């Protein structure tokens, strides 16, 4: 690279709830920078205009700040290589696309989405992996000029060698060889003028003088495209390190369908950020049994990027619980414990707003734990008996809960008004009265049929906690359906 000193980055996309996988990759980069006396940079990759939102960007920033990580450059703190949002860098990318077109390293593609889908279907039917077939690769310059001038929609694709392989060294996987004929002619500039991840990623890493790219192993297959772009532009490429994905205990990819994956979920349930980062940091170091309790400074001191394994990092919630318990007992003084508990209870106004809702529903303060305790509880203790008092049969309860769980995932906003509107829409679509839809949800989110107002409660708990409680409720009710309860 053309810079002295190590520079690494974390580049999340603000398209959903901040994932623990983001914290995992961010921590590796942070520790790598600490180890080498380098710089840790935050960049927001919001080229997906249809899914990226400022609300999710704010959630990403809040979640990463909560973990205790700090960055020297980013959209919130600025820096010499900004802007640090890709959407604000859009004018920078087109000149590079023009350079690739002029040098013959890229071409314009006029294929419609319908034509591309037909192509993919035919390839799948033939048992071939879907990739662009090169229809527009050899269009004459005059035809391209005419169609562009006429305003015909097009994208810019990169050219790929047809023979040989891309050979490179990865900091985790060692020497890797990927045949060029397996690499797609990647879209670099979309029809709306925005760059794809691959184009923006390479250009931004170069302009921001990133020396080491550490990211998830799912990007390993994309390295040939990135290396090719570095070659086309005549730039030195960074060192690549592809980290093993975090996995469930059954070795499946960590996903919200099996385990809570949102950083906000762990914050809401009262996990200490130090404990979560301690837990994630153990994937990057080698220690003896009994030495697991480590601060960020101790993790940095023991961090050894040369000792990384290709084996999947198992996200064991039981181990996280054990580690968090040790932090609470061994790392906090009684005064710290009280202060952190109060800080957690007041987080996002969950407790204060909950108390306001409870005020008109109690006759004495001693009723508060039963009425509002679910707002600060990690588990509401659902059993088949929890749903036994409802008028709906288990089959209908199961249908309601699964429908609500699926629809809530699609909601762009999470607030009282949006939740109420969504549940009313579900009731209308399913032909049910709202008073039939809401009782199972009362039980699912609070553990009781008598609780605080449902829409307010769901808003206060947050999407990630509601998601997990619905998942547990669906599993409980499924046993009732199977047993004929």
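Cβ atoms are placed via backbone N, Cα and C, with glycine included.
The shown structure was predicted, so the numbers you read here are calculated from the model rather than taken from an experiment.
Swiss-Prot tags one of the stretches 12-22, 23-33 as motif ''HIGH' region', and that stretch is 12-22. Looking at 253-257, 258-262, 263-267, the range annotated in Swiss-Prot as motif ''KMSKS' region' turns out to be 253-257. Within the chain, the motif ''HIGH' region' (12-22) has long-range Cβ neighbours (under 8 A, six or more residues past its boundaries) at 44-46, 48, 51-54, 56-57, 59-60, 62-64, 216, 245-246, 254, 261-264, 266, 276, 280, 315, 463-464.
Surrounding the centroid of the Cβ atoms of 109, 111, 136, 138, where the record places Zn(2+), the chain contributes additional residues within 8 Å, namely 107, 108, 110, 132, 134, 135, 137, 139, 157. The Cβ of residue 109 (Zn(2+) binding site) lies under 8 Å from the Cβ of 132, 135, 136, 154, 155, 156, 157, 185, 187, each on the same chain and at least six residues away in sequence. Per DSSP, the secondary structure of the motif ''HIGH' region' (12-22) breaks down as 3 helix, 1 strand, 7 coil.
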